[in-house]
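**Student:** Pasting the relevant annotations from TrEMBL:
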TRANSMEM  20-44  transmembrane segment
TRANSMEM  50-66  transmembrane segment
TRANSMEM  87-106  transmembrane segment
TRANSMEM  122-143  transmembrane segment
TRANSMEM  155-173  transmembrane segment
TRANSMEM  179-196  transmembrane segment
TRANSMEM  303-322  transmembrane segment
TRANSMEM  334-353  transmembrane segment
TRANSMEM  365-385  transmembrane segment
TRANSMEM  391-414  transmembrane segment
Amino acid sequence: MKNTYKYIFQNEFISNVLKLSTSTIFSGITVAITLPIITTIFSASDLGKYQLLISIITLFGVVASLKYEMAIVLPKDEIVAEKVFKLCFLVLLIFCLFLGIILFFAENSLLKIINAESIAEISWLIPFGVFFFGLFEIIKYGLLRKKMFSEFSLARLYQVLSSQSLMIIFGWIKPTILSLFSAFVTGLVFASALYIKKSIIIIKTKLTISIIKIAVRFKKFPLFNSPMVFANTLSNELPVFFLAKYYSTEILGYYMLANRLLIIPMTLIGTAINKVYFQKASETFNENKIKVLPLYIKTTERLIVLGLLPFIGIIVLSPSIIEIIFGKEWTDSGLIMQIMAIGIFFKFTTSPVGTTFTVINKQEIAFYLTLFSLFLRFGVMFYFHESLTSLLWAITLSTTIYYVIYHFFIYRLLSKISKDNT
């Protein structure tokens, strides 16, 4: 046992994985603890508006630097890394400026598409939310570049802790959507302020490299990574936009609570398994490609066993549990959880092994599957949107189909690799 602990703490990769996973797990616990308090302060309608606002910010925030931030960790030369860091800030500023101009001139038309007039009074804050979201992403990659994994881990944890705490404090003062948004942004600003100095890459040299040349050198990130991430995020946020368009913000608030509670098991269990599987699969693929398939099957089986009982419990007991913890007014969230649990279960059994495509260098297939998911979800939800129950089942059905197909492609590819290397 002592040797095991010694190996874990001396192994740099495993130690870093534990640091990153621990913050994610504690963030999930923080959300679970604070949600019952937040739901007593804010109405379902307020939380629905907040979810809609955050979904819009997230959709644009993940690509606000055109994914150039991912390139921060790549260059061997610190001078190049410094230029990439500056490029990210420049792109982020330009992106948010253009977004602000577009919203200024076409705000009503854009919000009307998803029936988001309810957030029109604070929609001018969206570019600011996107900016701080994008800034936090740049800072995190800067920390990764410097191998400051503890700081990276703490930055994420502080962001969640401060945002969730401030929602309660601001809510007690004045329970409005502006209070929720202010808490969200303040959390990002607080975490960013703590670590921006450590993340900045500064090199004193007389050598100059054009930022334009750097942008061209890493052009694959805006050309390929940005569309893939945007499509994936849009696919994930589609239910929010459909519920906002065809139903009330109150229903969206019930969905928000249901969704946040359902992803807690994924956060607590799936994150750690994801990191360990990725490391083990990468190592196995380099040493003996044939053994990746058994590893994938074994990991998937474990995920099914781990998730089966909790999700069955959710399907059977969620309305009663929600009523006890959150009150009768939130019972609808429990009913939504019953329907959505099936799809989330398949997501739980797939997400940790989803990195297999990266391991075997077949990321393009993951991108095509993401596009398939986007069109499938849109088509199914559009066809069944007339009834709330039908729409929720459409979300679950499309999610289930997507992840079953995802598993199918992983299995087929790994089987082919095993056959070719036998």
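Each residue, glycine too, has its Cβ placed from N, Cα and C.
TrEMBL does not curate its annotations; it predicts them automatically.
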**Student:** I need to check the long-range neighbours of the transmembrane segment (122-143): which residues 6 or more away from its ends have a CB within less than 8 Å of a CB in the stretch?
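**Tutor:** Cβ under 8 Å, 6 or more out: 53-54, 56-58, 60-62, 64-65, 69-70, 72-73, 85, 88-89, 92-93, 95-97, 99-100, 103-104, 107, 111, 116, 149, 151-152, 155-156, 159, 177-178, 181, 184-185, 188-189, 191-192, 195-196, 198-201.
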**Student:** Take the transmembrane segment (50-66) and find every residue of the same chain, 6 or more past its ends, with a Cβ under 8 Å from one of its Cβ atoms.
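**Tutor:** Same-chain contacts beyond the ends: 42, 88, 91-92, 95-96, 99, 114, 116, 118-119, 122, 126, 129-131, 133-134, 137-138, 177, 180-181, 184, 221-222, 226, 229-230, 233-234, 237, 240-241, 244, 249, 252-253, 255-256.
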**Student:** Could you tell me whether the transmembrane segment (303-322) and the transmembrane segment (391-414) have 3+ CB pairs under 8 A, leaving out pairs under 6 positions apart?
**Tutor:** no
**Student:** What residues elsewhere in the chain lie close to the transmembrane segment (179-196), defined as a C-beta under 8 angstroms and at least 6 residues from its ends?
**Tutor:** 42, 46-47, 50, 53-54, 122, 125, 128-129, 132-133, 135-136, 139, 143, 151, 154-156, 158-167, 169-171, 173
